[in-house]
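Here is what Swiss-Prot says about this protein:
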{"type": "MOD_RES", "residues": "Ala2", "note": "N-acetylalanine"}
{"type": "MOD_RES", "residues": "Lys240", "note": "N6-acetyllysine"}
{"type": "MOD_RES", "residues": "Lys244", "note": "N6-acetyllysine"}
{"type": "MOD_RES", "residues": "Lys251", "note": "N6-acetyllysine"}
{"type": "MOD_RES", "residues": "Lys254", "note": "N6-acetyllysine"}
Amino acid sequence: MAGRLPACVVDCGTGYTKLGYAGNTEPQFIIPSCIAIKESAKVGDQAQRRVMKGVDDLDFFIGDEAIEKPTYATKWPIRHGIVEDWDLMERFMEQVIFKYLRAEPEDHYFLLTEPPLNTPENREYTAEIMFESFNVPGLYIAVQAVLALAASWTSRQVGERTLTGTVIDSGDGVTHVIPVAEGYVIGSCIKHIPIAGRDITYFIQQLLRDREVGIPPEQSLETAKAVKERYSYVCPDLVKEFNKYDTDGSKWIKQYTGVNAISKKEFSIDVGYERFLGPEIFFHPEFANPDFTQPISEVVDEVIQNCPIDVRRPLYKNIVLSGGSTMFRDFGRRLQRDLKRTVDARLKLSEELSGGRLKPKPIDVQVITHHMQRYAVWFGGSMLASTPEFYQVCHTKKDYEEIGPSICRHNPVFGVMS
């Protein structure tokens, strides 16, 4: 362990990739998960359209640089948390390692993350890229939910370190509710909710478009995103909240000033109801999506009820938030309140059905918020990859050469013992 360079931790999400070295509290880089490549206008599948003439192979950009390149085709290789284009992913990782982390991949162990329900084949592809193309000495593919649980240990609410709990991971592209027991994901009970950061942005954009005329169309999405990130919060009661704004508007309505990218003129808008209506679609999804109407608290309840009976109490007791879209003020408090109501109503019903003979033991519902929520997965990875055990559970280059990529199908759980 002594004299060894720290492991690299890379958490690739739909919207952003978080990267840095183990042992740090926050990622060194947070870059958009996109890549800009040169493409010819030929008809055909992706592979044929790409211009690959030796030198052009190196002619690409990732992250913020990619977004600023109008003459290149910008691609997002990850959708809904899962890698769709491996060819681009390999080139993306190339710049992540050499240009951003400035690391020699042969000297660092790597911890990469995977979404829930990732296929074993995807783990093999990842292993092939890391061992064959980058020649890394060791690789561990961690499940995002388990890392998010580990990150929640920093919270004061958590008494003992446990890897049992329900993780609500809400990023830009997808929200998952994932039950974890003793570090293993209960795969059959995972549910995903088709509402995430991007949908909130679109919803706010729609509200602003209906109400504010002064927003230049090309700035519309950016404005909505800024409003979401700066001013939005979760309210306890919609009707009361509307009343607050109607009776004492000056106190609640905020001003947002943006700059038109083309004419460079400033424009300013009032931000009113959008502040609380945006995140409200987690609790009333029908506002934005007529096909999906189940509030997040009911989804969480259903997930836990589907789990084996002996882990249900600990799952209610340790509900952990992770990802950028759980950062809204009072999100955890509102979720805890709604969930407690559902659970208490069920207990009351069972008591009534038994004719008052059975007194069910109350269930402790606890939603844990902590400072590391936004980059919880990355931070959990950084914590676990800086323990000596990490190097024992990693798959090494030697194992890979002896057995092949199938070794990465299984990654042993660790970190509970520490």
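Think of each number as a place in line: the chain as shown, counted from 1.
Positions of Cβ are set from backbone N, Cα and C atoms, glycine also.
For the pair Lys254 (N6-acetyllysine) and Lys240 (N6-acetyllysine), the Cα-Cα distance reads 18 Å.
Long-range C-beta contacts of Lys240 (N6-acetyllysine), restricted to its own chain and to partners at least six residues apart, with a cutoff below 8 Å, are absent. For the pair Lys251 (N6-acetyllysine) and Lys244 (N6-acetyllysine), the C-alpha distance works out to 9 angstrom. Between the modified residues Lys251, Lys254, the minimum number of other C-beta atoms within 10 Å of a residue's C-beta occurs at Lys251. Residue environment of Lys244 (N6-acetyllysine) contains 15 other Cβ atoms, counted within 10 Å of its Cβ in all protein chains.
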